[in-house]
Amino acid sequence: MRAYSAAQVRRAEEPLLAAGAPLMQEAAGALARAVREEIRAGTPERGTSAAGSRPTAPVTRGRVAGARVCVLVGSGNNGGDGLFAAAFLAGRGVACDVVLVGTHPHAGGLAAARRAGVGIHLAGDDDGVSVAVRLALRSHVVVDAITGIGARGPLRGPAAGLVTALGDAVDAAPAPPVVVAVDVPSGIGVDDGAVPGPVLVADRTVTMGAAKPGLLLPPAAGAAGRVEVVELGLDALAAEPPDAVRLTGADVADLWPVPTADDHKYTRGVLGVVAGSGAYPGAAVLTTSGAVRCGVGMVRYLGSTPVTAAVQARHPEVVAGRGRVQAWVLGPGIDPADGARAEDVERTFEDALRAGVPMVLDAGALPLLPDGLPAHAVLTPHAGELARLLTDAGDDASRADVEGAPVAALRRAVEITGATVLLKGATTLVAGPGTPVYAQADATPWLATAGAGDVLAGVLGALLAGRSGDVVERPALAAELAAAAALVHGRAARAASAGGPIAALDVADAVPGTLRDLLTGEMMDG
Ligand SMILES: NC(=O)C1=CN([C@@H]2O[C@H](COP(=O)(O)OP(=O)(O)OC[C@H]3O[C@@H](n4cnc5c(N)ncnc54)[C@H](OP(=O)(O)O)[C@@H]3O)[C@@H](O)[C@H]2O)[C@@H](O)CC1
Ligand SMILES: Nc1ncnc2c1ncn2[C@@H]1O[C@H](COP(=O)(O)OP(=O)(O)O)[C@@H](O)[C@H]1O
Ligand SMILES: [K+]
């Protein structure tokens, strides 16, 4: 999924609007269809909506006449989409109420809604807000058409009051309505994924023309629910670089190196691993497991005799000692204060830099980095490690700062280091110099377990080893491959978990099946 900024979407709409294309009618028609789907899916027996998360009040399955919909309407074209959709729905027998939260609603839309018999209400003060909340709570679907790509800053005035009150009421309701956002959940940072004020959490977002970055980026992405793009023929976007990207399973199948009859182990890629120590021997096992399970040509491991023995007890195919490699993983399970291991990392890093091969720099390697890294070096910090990296560079950032504005922190780290940076979290973000931000949300919260990051380092290292030549030729590929590794790692975690707890090794063990399903097209997205 490729997401474009508000400015890019506006530029792409211009020629179509100038030529008289009925974009708002198309947008409103698609919105009304989505609302009808939600009404039809809202069976009390199953107790969930099509969006899958909330119980809804009873409606007879398959029928929309008699259902209730409440549309929250702002003063711009986003409200216009909502008003025309209300008119369409009323024409199908849906009981529609519109709540105006701005003083200048779209004139054509308002006239159409009035003609269709839609009830019009005003949420201009506290009483209006109370009435609106009651209308919304007795509805099967609430449509959020307050602001779209024209929003500036946090919601203010009656919009802020209504969204706050309704959000609380929806959270407390035994049978809350399904929330459908138009274009974006109103109040999110459309371009940066910020949540600067109140936002009504949606079950589904119907977005117009193309996805917007805030629908993919945390924290705002968490308010969007299932995202559906309505094609409006914005052909000009095809020539534009997207701002944010989410890879799908099919993308990963295209990126993953698959051996042919001409290959042998060395052409498939050899990965060198400097991970684990006397204090953290498990990190060596987990990192090499992640790599071996990806089907890399060979893994070479550098570490002490007892840790090497632990690695080989789990994976006898791992070869001990130095030799030629196509990529490195440096740092998991290494304390930078452990002089001997820190020296192993630093020495190997210098070798890797001279050889020009891609590398994954994780955990203990991060504080040891010099300035001016190549883009084919991929740093894999979590939020705490990224905060430390920025602070060491003079930016004074806390973990909370990184979590509150992760994209800005990520971009800053890329700028400071020159490297590609993968920021681990519930949504894993990746960017390199000049690349879009990749945002992957493929995992399960059960993946937040010790050692899971070591497995990811191994998976990414294996992928970089397999595509080493391509990455060196085109360093921007490193970010895309890092996003692909995050997808595989996250889906493997989901497969291993199936709703229950997992240990880090379970994730590594689930990688072959996950890759098989992705490569044979048996794993669907979503
Ligand atoms: N172009 C087209 O034909 C098509 C456009 N389409 C649709 O149009 C949408 C873009 O419409 P848009 O440009 O009119 O802006 P929009 O998002 O409605 O917001 C402006 C309104 O919000 C208000 N407002 C702003 N900030 C606010 C805040 N913080 N808190 C509260 N209010 C705030 C602002 O108020 P003002 O600042 O003027 O007081 C103004 O009233 C787009 O997202 C898509 O849905 C589709 O139909 C396809 C065809
Ligand atoms: N809430 C969450 N939901 C899904 N995945 C998560 C969540 N929190 C963390 N993760 C993932 O779990 C892994 C944890 O890695 P990391 O923090 O490096 O742990 P460790 O250092 O113990 O290996 C990362 O891949 C991260 O993206
Ligand atoms: K909206």
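Heads up, the Cβ atoms here are built off N, Cα and C, so glycines get one too.
Record features, source TrEMBL:
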type	residues	note
DOMAIN	9-240	domain 'YjeF N-terminal'
BINDING	77-81, 148-154, D183, A283, G333, H382, D454	(6S)-NADPHX binding site
BINDING	N78, D144, S186	K(+) binding site
DOMAIN	248-518	domain 'YjeF C-terminal'
BINDING	K424, G425, A426, T427, T428, G453	AMP binding site
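Features recorded in TrEMBL, as mapped to the structure shown.
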residue : record                   : contacts (Cβ under 8 Å, 6+ apart)
N78     : K(+) binding site        : A145, I146, T147, G148, I149, G150, V182, D183, S186
G80     : (6S)-NADPHX binding site : M24, A28, P105, H106, G108, G109
D144    : K(+) binding site        : L72, V179, V180, A181, V182, P185, S186, L200, A202
H382    : (6S)-NADPHX binding site : L423, K424, G425, G453
A426    : AMP binding site         : P218, A441, A443, P445, A448
T427    : AMP binding site         : L217, P218, A221, A439, Q440, A441
T428    : AMP binding site         : L422, A439, Q440, A441, A443, A483, A486, G490
Which binding-site residues among S186, H382, G425, G453 have CB under 6 Å of ligand 1?
none
By a simple count of other Cβ atoms within 10 Å, which of R152, K424, the binding-site residues in the record, is least packed?
R152
Cβ neighbours within 10 Å, counted over all protein chains: which one of the binding-site residues G425, G453 has the most?
G453
Looking at the binding-site residues N78, D183, S186, A426, T427, T428, which have a C-beta within less than 6 Å of some atom in ligand 2?
A426, T428
Check T428 (AMP binding site) against DSSP and tell me helix, strand or coil, would you?
strand
Fewest neighbouring Cβ atoms within 10 Å: which of the binding-site residues N77, S186?
N77
So if I draw a 10 Å sphere around the Cβ of D183 ((6S)-NADPHX binding site), how many other Cβ atoms end up inside it?
29
So what's the average pLDDT for the domain 'YjeF N-terminal' (9-240)?
91
